[in-house]
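S.K.: Per TrEMBL, the features are:
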- B:24-47: transmembrane segment (TRANSMEM)
- B:59-80: transmembrane segment (TRANSMEM)
- B:100-125: transmembrane segment (TRANSMEM)
- B:132-153: transmembrane segment (TRANSMEM)
- B:173-192: transmembrane segment (TRANSMEM)
- B:233-254: transmembrane segment (TRANSMEM)
- B:275-296: transmembrane segment (TRANSMEM)
- B:302-319: transmembrane segment (TRANSMEM)
- B:370-394: transmembrane segment (TRANSMEM)
- B:406-429: transmembrane segment (TRANSMEM)
- B:449-471: transmembrane segment (TRANSMEM)
- B:483-505: transmembrane segment (TRANSMEM)
Amino acid sequence: MTEPRHEPFSQPSHIGQSAPLESAVEPGLSAEPHTDLPVSALSIRGLAKRFGGKIAVDGVSLEVPVGSFYGMVGPNGAGKTTTLSMATGLLRPDFGTALVHGVDVWARPLEAKKLMGVLPDGVRLFDRLTGEQLVTYAGLLRGMDRDVVRPRVTELLAALDLEADAGSLVVDYSAGMTKKIALASALIHAPRLLVLDEPFESVDPVSAANIRGILESYVSSGGTVIVSSHVMDLVQRMCSHVAVVAAGRVLAAGSVDEVRNGSTLEERFVQLVGGGHRTEGLEWLRTF
Amino acid sequence: MVAHLLSLKWRLLLNGFKRSPAQLIGMGIGLLYALGILVLLIGALIALRWADAEIAHTVVVLGGAAALLGWAVVPLLASAADMTLDPSRFTTSAIPPGQLLTGLALAGFIGIPGLATGLTALATVGTWWRSFPAVAGALLGAILGALTCIVLSKVVTTATAGLASSRRFKDVSSLVFFIPLMLMGPIVVGIVDGVRGTADYLPALARTVSWTPLGAAWSLGGDLEAGDVVSAGLKLLIAVATVSGLLLCWHVLLQHALVTPPYAGGSAKKGGKRGLFDVLPGTPAGAVAARALIYWMKDPRYAGSLVVVPLFPVIFFFSGSQSGDYGMLMLLGPLTAFVMAWSICADVSYDNTAFALHLASGVRGVDDRLGRAIACLTISLPLVLLFSIGPFFFTGSWVWAPNLIGLSLGTLFTGLGLSSVISARYNIAVPLPGDSPFKKPPGNVAQTLAVQMIGMGALVLLLLPQLALMGAQLFTGSIVPGWINLGVGPLVGLALFIGGVRLGGKWLDARGPEMFAQLSVNR
């Protein structure tokens, strides 16, 4: 998986410059900073991370414009979660950095985190709190005033159809409800940038539509959302921009129309990522 | 299919060893310990070969009955049931029930408890190595008895699987488990006294038990050695009927379990009660304190770490009433202060990956440290005061009161400060959220022990001046060092507390992501 010419682990001197990956990105789908926008909501520059011998993220650079609904798609193990963890201050990168509205996440973490709402994937919650307590806790941790937190919690729980279970312990919630309460915790402080890792996983269609509605109105009023997902259809309909990530690298990035280039996002994705072999073999499956 | 199940279980057991070297060392120590006990038991059983037949019979029957009871009760209470081959995982595999039953029963022997029980049971053959019928009877009894152990435990765990998977039952049962633990001292003394008084009664008890399903299998060897063939025959019938009955129960339960997935969950509750979040200050530190206090009350793992605290007064009072000297009771205050303060060393480890919320919210390290320490202080301060003043009402030696209260408060504050520093840098092997407090924690036990030892050493160093003041009163008999300690202890302790919270906060700010990465390893 390593081609030395854009390998940050072999050429650490590249890091800190804008994009060590230019050569990997297709022409016209550049991940270069958009010069017409002064400051990106999230600017990821040459992030790289190695776990033991395995390189999980190999120099990812992305510019997420303010007011965009940015999708990040990629096969399992592509490094989406690792990239987002490094961009949100949860995982220290080996190389590269991330800026949120111009604030360096790793140089001024407390300041940068104030601007972000984060829904990490695969972490536990303080699940012996009730749903209502958990969201309240998230608000108070952000240093918000109790009188501001209280009505917001009520509204958020109503918007996410969690009113009826507000007083149940989160440990007794279903998977979808847990996802929704974690989302509420990420929204409570009205961040300027939302980073959501797999926000629609195991969420029922009605709630997913509600969440989409909330996120779309958030974006239309100037907020920025970056979501990771496997569901191409959803990303194509919902997002304004998309980045295709595989094996720790950005294969294509830009507006959805640019990236899909006439075909559907799913077809383009399979074409970029490869591995979509014809369904030969498995003949026995048709013999019953 | 039976062979498949056995090899699956064997593979699972072997894969348990494919961990990091540090974990392997920890497991190795545990294995050596188990092996030591096993060798001891087998040795004792073989040594019984040369004992009086009546004594051997009594020991084997009562020991076997106790093992059976243990297999039924321990997995249930300790939530430590071996669910690696949980029947509900085979729901979609359509295995014929008979084969599933046989496979699971035999697989029960693959694993440390099963293997140990099997080998110990076989050692009774050594005990009855006296005549051919006795050996044959013991062998048959050992096989039947060990099988009964496994099947009984499967029946109990399968019957309660639905119940046991509900969170409420887990919480309650793990707390119920504390009660005998807390009263362990008096119970042991009571049993020893009882046994001493009624040693003659034990053979009679063994004879009675040997006619019940609990002891029937274990008495076959003894009865045949005594030449009592009729009793042996009847007991064989009882033992076989027991195993068959249990197998039938298990079969029925398994059929039921395979089509009824365990249901967990409670009824929906409306909100409106934010509890402590409305009571404590609405600041980040206040919120952390409120959250930690809720966990002290609702998470059985916190109670589990404190199980020894109510045990202290019971033990000290009990030993005092035996010797007539209640002096030991005076240690209650400092000891409780130490245990309580030390318990928050594990606080961040208990959070596990839920710590991500603190990290992603950009909580300042100081607020995190302070909130956790204050939650612990809220519970421990009244307790420590009670335990450091209370004993003097028994001993009446009030001259020691100022010194001991000073030492207790000093220990509490200093310990909290030190824990705040340690838990900002090192995580500790603790049971995962939702697991039983008694479950063997995943993670690096060796590092945990090293950190704990070094930390305790540091605490003793920090407390040296106060211990010296204790010594001064002991040697001079003057109460002046006591009054000095009453002032110095809390003051120096408070200073160290503030320093510890600050330093720990700084460390956490600097190394929060690394801490989170450590926590993510065990989830």
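Heads up, the Cβ atoms here are built off N, Cα and C, so glycines get one too.
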S.K.: So, taking each listed stretch (B:100-125, B:275-296, B:302-319, B:449-471) in turn and counting its Cβ pairs to the transmembrane segment (B:233-254) that are under 8 angstroms, which one gives the highest count?
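M.R.: Counting Cβ pairs under 8 Å, the winner is B:100-125.
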S.K.: Does the structure show the transmembrane segment (B:275-296) and the transmembrane segment (B:449-471) touching, where I'm treating 3 or more Cβ pairs under 8 angstroms (sequence separation 6 or more) as a contact?
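M.R.: Contact between the transmembrane segment (B:449-471) and the transmembrane segment (B:275-296): absent, because fewer than 3 Cβ pairs are under 8 Å.
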S.K.: Using Cβ atoms and a strict cutoff of less than 8 Å, what residues sit near the transmembrane segment (B:370-394) while being 6 or more residues removed from its termini?
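M.R.: Sequence-remote neighbours of the transmembrane segment (B:370-394) are 284-293, 296, 309, 312-313, 317, 320, 326, 329-330, 332-334, 336-337, 340-341, 343-344, 347, 400-401, 404-405, 408-409, 412, 416-417, 419-420, 423, 497, 501, 505.
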S.K.: Restricting to the same chain and to residues at least six past its boundaries, which positions have a Cβ under 8 Å from a Cβ of the transmembrane segment (B:132-153)?
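M.R.: Long-range Cβ neighbours of the transmembrane segment (B:132-153): 64, 67-68, 71-72, 75, 81, 105, 108-109, 114, 117-118, 121-122, 124-125, 213, 217-225, 229, 232, 236, 239-240, 242-243, 246-247, 250.
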